[in-house]
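Enquirer: From TrEMBL, for reference:
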- Cys525: active site, nucleophile (ACT_SITE)
- Cys325, Ala326, Ala327, Pro328, Gly329, Gly330, Lys331, Asp349, Asp376, Asp474: S-adenosyl-L-methionine binding site (BINDING)
- 232-605: domain 'SAM-dependent MTase RsmB/NOP-type' (DOMAIN)
- 431-459: region 'Disordered' (REGION)
Amino acid sequence: MKKARDCLLKAFRRTFFTLQNPKPQMEDLPERYSYNPVLRWNPQVEEYFVKAYGAEHFSHISKALTRPSCYSCIRVNTLKSTTDTVIEKLSTIVKEMDRPNSEDKTLVGGDVDANGIDLMQSDSQRASIKIEDEKKSVTEKFQHPSISRCQVPGLDYVVFVRGSGPHTIDYGYANGRPPKEVIVSRKCAEAVLRGAQVYVPGVMACSAHVEKGDAVAVSVAVEQPGLDGGWSLGITRGTVVQGLPTDPYHSERNGLYIGQGTTAMSRAGIFRVSGGIAVDMNNRVFKLPSFYDVLEGEIFLQNLPSIVTAHALDPQKGERILDMCAAPGGKTTAIAILMKDEGEVIAADRSHNKVMDIQKLAAEMGLSCIVTYKLDALKSVNRNGDSCKGTSSVCIDANDGVVNNVSNSMNLNNVEPSSVTEVSEVDKTKMQNAKQKKNGWRPRNGPGRNQCMGGRAENSRGFAPNSFDRVLLDAPCSALGLRPRLFAGEETIASLRNHAKYQRRMFDQAVQLVRPGGVIVYSTCTINPGENEALVRYALDKYKFLTLAPQHPRIGGPGLVGHFEFADHFVEEWLRPGEEHLVQRFDPSSPLDTIGFFIAKFSVGAKDFEQ
């Protein structure tokens, strides 16, 4: 009897332990502890994109969007340095990072081999970006093998630094016990995939008994379909992760592990403090070198399509150019450098802080031809007879009194201009403080860098028609080409169409501002044809004096030809045959391994209407 009771007790203990620590089948472990996300879309949006690209192609695009580009693209400020000098400095920095060199191999798709990146031309020819051993300069002979110079004509000041991934990581699942785990938000995970650390605000949940210095697996909580038909996260911040199927979104986290790190504080500390590094990521699925605060003023990290956009505009010395939606200033500074800092580049944005960021970047890069203004792109045209003179392009009234900062409701008859400005600034400050209090805003991290700079963003009432040689409209968009992206369900057909309406209104402003004989370049960072090809169709149909112009360099693919009919019978027209090769569409699933991007260049003929 005693022996039978002992056997039953042992069996009970085994069963109890199995229930408390369920051990998945060994063949399931690699699938769970891996990075293989599936991008979720709104069903109607997915149907729309499948019609545009085809099911198989769109599947490749969706997969590519969940991964970062496997290289960093660096633009050299040729007014302050040279490509050879930057390569030498970067080689030293990368060597100090002590990154292990992977074995040379042939890489496909998003990977970058040791010799560089293959760029797919629209005519199916490849412009190879390689460093030829027999042509190496003295500097290049000592450069790091992961660094290469762009060989596309005109882009020799662009440098590529290779990363690697995806890597398979051993998270330490042993003896039926899952590893300690930290679950982060989607936005945090996307930043980590680009090379960032895990900061406290991004942590959603954590295993119990995690102490400082523990090794933890880092996984992602991605929005899931809610009962109301929308999307929700479903995890309360501070949730304890036990590694059991009863954990929130346990099965949904399969294939959503982005790396391994060491905790910089205990679990209690993570959920008690408001900031700081929570997990030091030392074993990542994608390993990309970080160049934050490196060689300031000499280099600028920028996506390759954005660099190409500045070249498509083809700015010339002495010209007057408008960047309508200029923040964060990457394309603005690229334009100024191509002009050799000779001429005038007006950089406008409706956000005060973003305008200040542009000023800071221009100062870092030593550029003096950039003039910044706070201005809503929808109000770029001023038709009140005011004049915009010289480099001070603020509109001025007949008495040369600056009135940009003055409320329309104020009586200006007996007030000095300087006094008016002071009163306006005080009123604006009061209104801003009241709004912040109403929204429960509280200052964080001190006064902020813009206040410390002591500068301010000059307001503008717009510019006179036909007053610019060239205009760049890098329009606000759905940003569905940015990567890595782990969720896309927030966009609906209605929101995508609203983006397109907003962009058309901004384009209408751009057309009025460019002189006859000038150029407009329109660009977005989205894969949505409604914001890309449909905008081109709108522009060409409405403004008969606009024509699509060739772009140089041309390394992107062709645009989309055709149309799409929505459920409400609205027909969205795209490009017509013959027009597709005059635009550049950057496909994230192509061998270029860039973000999704679109560029169209228009030549402005004689305008046949009164502006």
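Cβ coordinates are placed from backbone N, Cα and C, and glycine is handled just like the others.
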Enquirer: Let's check the environment of Lys331 (S-adenosyl-L-methionine binding site): how many other CB atoms sit within 10 Å of its CB?
Expert: 24
Enquirer: Where Asp376 (S-adenosyl-L-methionine binding site) and Cys525 (active site, nucleophile) are concerned, what is their Cα separation in Å, rounded?
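Expert: Per the Cα atoms, Asp376 (S-adenosyl-L-methionine binding site) and Cys525 (active site, nucleophile) stand 20 Å apart.
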Enquirer: Around Cys525 (active site, nucleophile), how many other CB atoms lie within 10 A of its CB?
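Expert: Total other Cβ atoms inside 10 Å, all chains included: 23.
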Enquirer: If you pair up every Cα among Cys325, Ala326, Ala327, Pro328, Gly329, Gly330, Lys331, Asp349, Asp376, Asp474, the residues annotated as binding S-adenosyl-L-methionine, what's the maximum separation in angstrom, rounded to an integer?
Expert: 19
Enquirer: On a simple 10 Å Cβ count over all chains shown, which one of the binding-site residues Cys325, Ala327, Gly329, Asp376 is most densely packed?
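Expert: Result for the most crowded candidate: Gly329.
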Enquirer: Between Lys331 (S-adenosyl-L-methionine binding site) and Cys525 (active site, nucleophile), what is the CA-CA distance rounded to a whole number of Å?
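Expert: About 13 Å separate the Cα atoms of these two residues.
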Enquirer: Could you measure between the residue listed as 'active site, nucleophile' and Cys325 (S-adenosyl-L-methionine binding site) for me? Cα positions, answer in whole angstrom.
Expert: 13
